[in-house]
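TrEMBL lists 87-145, 182-252 with the feature domain 'Potassium channel'. The N-linked glycosylation site feature in TrEMBL is assigned to Asn86. Summarising the annotation, TrEMBL assigns transmembrane segment to 14-35, 93-114, 120-140, 166-190, 202-220, 232-258.
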Amino acid sequence: MPQAGLHSCWRGRLLPLLAAYLCYLLLGATVFQFLEKQAEAQSRDEFQLEKLRFLENYTCLDQRALERFVRVIMEAWVKGVNPKGNSTNPSNWDFGSSFFFAGTVVTTIGYGNLAPSTEAGQIFCVFYALVGIPLNVIFLNHLGTGLRAHLATLERWEDQPRRSQLLQVLGLAVFLTLGTLAILILPPALFSHVEGWSFREGLYFAFITLSTIGFGDYVVGTDPSKHYLSVYRSLAAVWILLGLAWLALVLSLGPLLLHRCSQLWTFSRGLGFKDGAAPDPESPPRPQKIPISD
């Protein structure tokens, strides 16, 4: 019966998966609380102490005026205005920054450091995301499919000589390694150099960005003390699109590469490498042994 089948599927697959999912969330919550709660409390205490010192040094201000000033700073920060700068800072909505913001919308990264503040901008953002997010999924899917089409020879694995199989695996491994170096290693190093981050912070930014988590604690092109190129954030948006497509390709070809490597390893241990995986149809057939009966 359908109900019995559904009940069996729920108990056999969905229930253990749901339990594992909830346990993973509980594990993450526990670890994050252990690692971050004490640091948050320390930062809060230091901020309150700095406010008291500020009031002691500037006796003309009272607590209410300081709280009002802090609230103005927070509102400016929410609207994308960096309080460390001045009125001569570059606009957050020039074409390069707007292109970068559009890329974060369609890729669902959403750093949270910048958002439309006008009613018209918010309405446009809703409809722009409704069209742009599916378009981005279709684009990345077709891009990954097109890249994989050039490597379709791996699908005809068994029909090729053993030496060709080995060369294909080595070529694919080199291709994925160089691509990962160009997409996932060199750009974080460049961002770290331009932004003044450590390489670890650059890798952290790249992972949080390309995984579309987008916390917003590290964002390129937001330091008011630096003079960026006008196309800097636009190039960062292009890197995000290429990085997402590359990750889709790696996740698709990575398991295939590991499977082929395991096949070659098993063959090399069991039989040794031979120059052909299939018999050559032009070679003469081997003579068969005829049993001799007494």
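Cβ atoms here come from the backbone N, Cα and C positions, even for glycine.
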Where among 93-114, 120-140, 166-190 do we find the most Cβ pairs under 8 Å to the transmembrane segment (202-220)? 93-114
Based on DSSP, tally up the residues of the domain 'Potassium channel' (87-145) by helix, strand and coil. 39 helix, 0 strand, 20 coil
The domain 'Potassium channel' (182-252): DSSP-derived helix, strand, coil residue counts: 47 helix, 0 strand, 24 coil
